[in-house]
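The structure appears right after this line, and notes come after that.
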């Protein structure tokens, strides 16, 4: 049919190859195609420190080489020394000290002198006055008529209250304890309106404390029959029945339950 040596018209494709696996030494690894963040082996970048601090760190680390953290850089300690104070701080402290000294030295200037002192009054003008009159010569002249009026009203109200209390005293019994007149008057008014004491409410017809005629005991037929049986009753047949129940009707010989009781004829 054709020649034994046939050549394909299309070129053959190369074998598929993964780009991620191409750089892996062993492509059979289960995690060969997974890209990972490379581990940074190099030391972390340290901030650039001035030469003075570096020298101080070296001096601090040199005396004790047995420290377990000898190569680790630490925050340098603050060198203890006299810190120069700021000029503003000095000025403020001086101002505060001066203000405090002035306030302590002159306490009388801070207090206003509104009233004249005792030794400022001219007492030599009128030697006949007493010391109280000399201290307060204007006390009687400055009394207001309103204050006098209020004092009179207070006295009148006190007198009226005392009179009302005196009028209430005779109505009370000497043996009973004292109580306010308003409470007693209220109790009396309530008793008059009700017409009976509050305890009589419990003795009404509907209360369980009182016995009515319906609740009284009545003689029952059964109790009478029991009494008759104990004393002895003559039956219709003419026989005498005793309390022991020895005699009974001939038709009740077989009845053991009713041998102690007789039949009642209605």
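Cβ atoms here come from the backbone N, Cα and C positions, even for glycine.
Sequence annotations record features per position, and here Swiss-Prot assigns region 'Disordered' to 1-84 (among others).
Swiss-Prot lists 29 (among others) with the feature phosphoserine. Other C-beta atoms found within 10 angstroms of the C-beta of residue 29 (phosphoserine) number 11, with every protein chain shown included.
All chains included, 8 other C-beta atoms sit within 10 angstroms of the C-beta of residue 31 (phosphoserine). Mapped onto three states, the DSSP output places residue 31 (phosphoserine) in coil. Here Swiss-Prot flags 31 (among others) as phosphoserine, drawing on similarity to another entry.
Swiss-Prot lists 32-46 (among others) with the feature compositional bias 'Polar residues'.
Residues or ranges marked as phosphothreonine in Swiss-Prot: 37 (among others).
Per Swiss-Prot, the feature phosphoserine maps to 44 (among others); the stated evidence is similarity to another entry.
Positions annotated as phosphoserine by Swiss-Prot: 67 (among others).
The phosphothreonine annotation in Swiss-Prot covers 75 (among others) and rests on similarity to another entry.
Summarising the annotation, Swiss-Prot assigns region 'F-box-like' to 90-119. For the region 'F-box-like' (90-119), the model's average pLDDT works out to 69.
The phosphoserine annotation in Swiss-Prot covers 93 (among others) and rests on similarity to another entry. Taking a C-beta cut-off of under 8 Å and a sequence gap of six or more, residue 93 (phosphoserine) has no contacts in its own chain.
The region 'Disordered' annotation in Swiss-Prot covers 120-225 (among others).
Marked as compositional bias 'Basic and acidic residues' by Swiss-Prot: 143-156 (among others).
Sequence annotations record features per position, and here Swiss-Prot assigns compositional bias 'Polar residues' to 157-168 (among others).
The phosphoserine feature in Swiss-Prot is assigned to 197 (among others); the stated evidence is a large-scale study or a structure entry.
The phosphothreonine feature in Swiss-Prot is assigned to 200 (among others); the stated evidence is similarity to another entry.
Taken from Swiss-Prot, the feature compositional bias 'Polar residues' covers 203-213 (among others).
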